[in-house]
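Down below is the structure, laid out as C-alpha cells.
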Amino acid sequence: MSLKEKTQSLFANAFGYPATHTIQAPGRVNLIGEHTDYNDGFVLPCAIDYQTVISCAPRDDRKVRVMAADYENQLDEFSLNAPIVAHENYQWANYVRGVVKHLQLRNNSFGGVDMVISGNVPQGAGLSSSASLEVAVGTVLQQLYHLPLDGAQIALNGQEAENQFVGCNCGIMDQLISALGKKDHALLIDCRSLGTKAVSMPKGVAVVIINSNFKRTLVGSEYNTRREQCETGARFFQQPALRDVTIEEFNAVAHELDPIVAKRVRHILTENARTVEAASALEQGDLKRMGELMAESHASMRDDFEITVPQIDTLAEIVKAVIGDKGGVRMTGGGFGGCIVALIPEELVPAVQQAVAEQYEAKTGIKETFYVCKPSQGAGQC
C-alpha cells in the first residue's frame, strides 16, 4: 500500500469523510557542499524518492486536527483562534504547530484543516525528515487555501518554525530542496541570495545513500564549534562571511591565522569552489570529474574540517574501491557519523551493495543501511 493510499484510508476512518487532497514533500541528500550553507556559500542537494505524505481537507471552522500514522495514530488538536504553544508530549506535533503558527504571521487568510501524516524518510539519518514534514504542512495550507506563497517562502517558513518554535538550528538548504526539487535534477543553491539553478543528472546514474549507523554523539557541540571557527575566520578577513574571501587572499595570510581556524577556512573556500564546479561537471555528464570533486570534498572534511569518523572513512573506501573513476562517493551531512552519498552507474549498484555487506560490518562491527534513490520532484500534490 502506498503512503497516499494509507493516509487516505486512515483519514476516512478517523474523520468519517474522504480527504480532498494528498500532498507530498521529499527528503533530500546533499551531493556536495558541506558546512558551506551557514557561510553564505553554495550547496548541491537533490530531493529523493522518500517523502512525507499528508492526506487532508479544509474545515469550515478554525480547528486543526492532525493524526500521525507513524506514531501509533496519535492525534493532536488545536485552534487557530488561540495562541499556538508547544505540545507537552508529542514532539512531532511541534513541527506541525510551528509551521502553522509561523504561517499565521505571514498570511493569516486560512481556516481549519484535518490532516493524516505518514512518511518513509529515515529519521536520524540526516536525510531531512523534519524539513520534509515542515514543507509538506506548509504546502497543505497553501494548496487548500490558495495562499499566495511560493516554494521559497514555504521553505523559509519551515526553517523559522524549526529554529524558533521547535528550537533546532538549521540552515535553509533542507527546506528549499524539499520545496523546489526537480525530477532527475540536483539543485545548485546560493545560500546567500537563495537563488537556485536546476542541474540535470546524468542518465543511468543511481544516487546511493549508505547509513553508517554509527551513533552520532558529538554532532551538536562540534557543529557549534565549527560555526564559531568559521565566524572567527570571517572576522579576521573583515568580511561578513567566508563566501567573500578568495583562496588567493587566504593563501597570502594563512600563516597568520590560528592553525585550526586556517584549516576550517580552507575547507569552506575550497568546498565552495568544488560545489560550483561540480554543478557544471554533472550538467555535462562528466561523472569522472564529479567523482574527483567528491573525493576531494571527503578528504577536506576528513583532514581540514575534521568531521568524519573512521567508520565513515571505511565506508567511503569500500565504495571507492568498487567504482574507481566511474562515479563518486563522500560523507554527506553534518558529520561525526551519519551517511555517505555515492553517484554510481546503475549496473555497478549490486557490486557496491555486495562489497559493503561483506566488508563494512566485518571491519567496524556495525551493520549499514543501504538506500538506492532517484532525484525527485519537490513538494506538491500526489
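Backbone N, Cα and C define each Cβ position, glycine as well.
Not measured: the values here are computed from a predicted model.
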Residue in Y95, Y145, Y223 which Swiss-Prot records at the substrate site where E34, H35, T36, D37 also bind: Y223
Which of G124, G126, the listed binding-site residues, has fewest other Cβ atoms within 10 Å: G124
L127 (ATP binding site): secondary structure state under DSSP, collapsed to three categories: coil
Non-site residues, in chain order, whose CB comes within 8 A of the mean position of the CB atoms of E34, H35, T36, D37, Y223 at substrate: G33, Y38, N39, V43, G171, R226, I268, G334
Lowest local Cβ density among A125, L127, which the record lists as binding-site residues, within 10 Å: A125
Residues flanking the ATP site, with Cβ no more than 8 Å from the Cβ centroid of G124, A125, G126, L127, S128, S129, S130 and excluding those residues themselves: G27, V121, P122, Q123
In sequence order, the recorded positions (R28, H35, A125, S130) whose C-alpha falls within 10 A of E162 (Mg(2+) binding site): S130
